[in-house]
Amino acid sequence: MSCSNETIPCFLMPKWYLLFEFISVDGSTLEESTSSPNQRMTRYQILTLTSIASVNFSSMICYSILGPFFPKEAVQKGASQTVIGLIFGCYALCNLMGSLVLGKYIVQIGAKFMLISGLFVSSVCTILFGLLDKVPDGATFIILCFIIRSVDAVGFSAAMTSSFAVSTKVFPNSIATVLGSLEIFTGLGLILGPPIGGWLYQSFGYEVPFMALGCFLFLMVPFNMYILPSFDADPSKDSFFRLFTRLKIVLICFAIFTLSSGLGFLDAALSIYAIDTFNLSPGYVGLLLLGLSLPYCLASPLLGIVSDRFPSTRPWFMVLGGLFTATGFWFLGPVPILQIKSQLWLVVFMLGIIGFSLSMTAIPTFPEILDCAYENGFEEGLSTLGLVSGLFGAVWSFGMFCGPTLGGFITQQLSFEWAASVQGGLAFLAAFFLGVYFLCQRTRQERSPQIQTKRPSDEATHLLT
């Protein structure tokens, strides 16, 4: 098969193309598209997937390097556990505000420009963060941490909001499958970031992890300028407030909040807990975090495929995922009232449960919110995709702010075990509320056909009378 403007020869396709091969232009499966060769993935789609995959990987590897060693370094610089939680939390808070604004104006700014400029800002801030060990201890160090992390968060929100919207626009009928498959690269970034960051820190000191990965992220700027297509769209008059008028979207957003809150708490508190409790080095703490990100990376594409093939499973994926997340956090410490001694194998196993349940809950949320928006009259296009992407990013970021902040405070006042228990309780509440809502919705749907079948006979009886 020769290369044309619409398709790419198989020998030129990326290795991971086989993962997406069953997706066609209109979202049908490979079996349905074999009769029509034109329904194979187009060059436009291949380039978009390559670009978004590179963004997910490079952004997440830079985001995740802090976990194994920064809390310890910050303590030596005079920061308390609560302040460390606020440093992690301010990133999420600025990400929240950036997601809302950028999601609203993605059409006016331009999806491609937003993504590339976000990568550039994040790369520069990552390099600058590696120079903070040169500044004086105390207030100067803490203030500069807040400033650089805040600006970095805005760049990150620009890249992520644009990537979600672009992926959904290019594959409107396979949203969960594509997002779940792209989460492989998000997971790889989360997997490789902590061990690489911990190893570079142990071997070369504080500056090298940020310099190396910041330069790597900077290389993604010209790469994406070259391969990412441009997207044109018309602005919409819809707003975030209108999205929040739907109870279903509010409950799903609460579930997203509990997931990101738990992850933010682990980012800020797990490394210190593991070092103090099990006497682990920063390098081994990075390996410990593999127990969280590896199950997420492996499960996301499979759950995305199931979610698209069988949309009716999405609600119960979210409910069961929330219950598994609650169980994972309750036994991570474990809960003090259980009087179970903390052991390293139990921590690793519970991190695996949390990682799997995270993908189980998170993957269906975006298509469910989008479907609910379309059902309530939102226009189909990049503008609505930007709103939903911004909402998702904002809620996720709010959880990433509250998790480290609240978790750091509880850890400082009580213990890591109690802080993990609170995170588990939030996840259980989200699963419970969603379960009640979906059961009530199913009951209404079962009663609705009965009412419709009875109505004609009632009207006929009334007319005859």
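Counting starts with 1 at the first residue shown.
Even glycines carry a Cβ here, placed using N, Cα and C.
Here is what TrEMBL says about this protein:
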- 48-444: domain 'Major facilitator superfamily (MFS) profile' (DOMAIN)
- 46-66: transmembrane segment (TRANSMEM)
- 78-101: transmembrane segment (TRANSMEM)
- 113-132: transmembrane segment (TRANSMEM)
- 138-158: transmembrane segment (TRANSMEM)
- 170-196: transmembrane segment (TRANSMEM)
- 208-228: transmembrane segment (TRANSMEM)
- 249-275: transmembrane segment (TRANSMEM)
- 281-303: transmembrane segment (TRANSMEM)
- 315-332: transmembrane segment (TRANSMEM)
- 344-363: transmembrane segment (TRANSMEM)
- 384-406: transmembrane segment (TRANSMEM)
- 418-440: transmembrane segment (TRANSMEM)
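The stretch in 113-132, 138-158, 170-196, 249-275, 384-406 that contributes the largest number of Cβ pairs under 8 Å to the transmembrane segment (208-228) is 113-132. When each of the listed stretches 78-101, 138-158, 315-332 is scored by C-beta pairs under 8 angstroms to the transmembrane segment (249-275), 78-101 comes out highest.
Tallying C-beta pairs under 8 angstroms between the transmembrane segment (281-303) and each of 78-101, 138-158, 344-363, 418-440 places 344-363 first. Between the transmembrane segment (344-363) and the transmembrane segment (418-440) there are fewer than 3 Cβ pairs closer than 8 Å, counting only pairs 6 or more residues apart in sequence, which means the two stretches are not in contact. 46-66 is the stretch from 46-66, 113-132, 315-332, 418-440 with the greatest number of Cβ pairs below 8 Å to the transmembrane segment (170-196). In summary, the transmembrane segment (138-158) does not lie against the transmembrane segment (418-440): fewer than three C-beta pairs, each 6 or more positions apart in sequence, are under 8 Å. Remark: the transmembrane segment (384-406) makes no contact with the transmembrane segment (113-132), by the rule of 3 or more CB pairs under 8 A.
Non-local neighbours of the transmembrane segment (113-132) in the same chain are 51, 55, 58-59, 62, 102, 106, 141, 144-145, 148-149, 151-152, 154-163, 166, 206-211, 213-215, 217-218, 220-221, 224-225, 228; each lies 6+ residues outside the stretch with a CB under 8 Å from one of its CB atoms. Per-residue pLDDT, averaged along the domain 'Major facilitator superfamily (MFS) profile' (48-444), amounts to 80 for this model.
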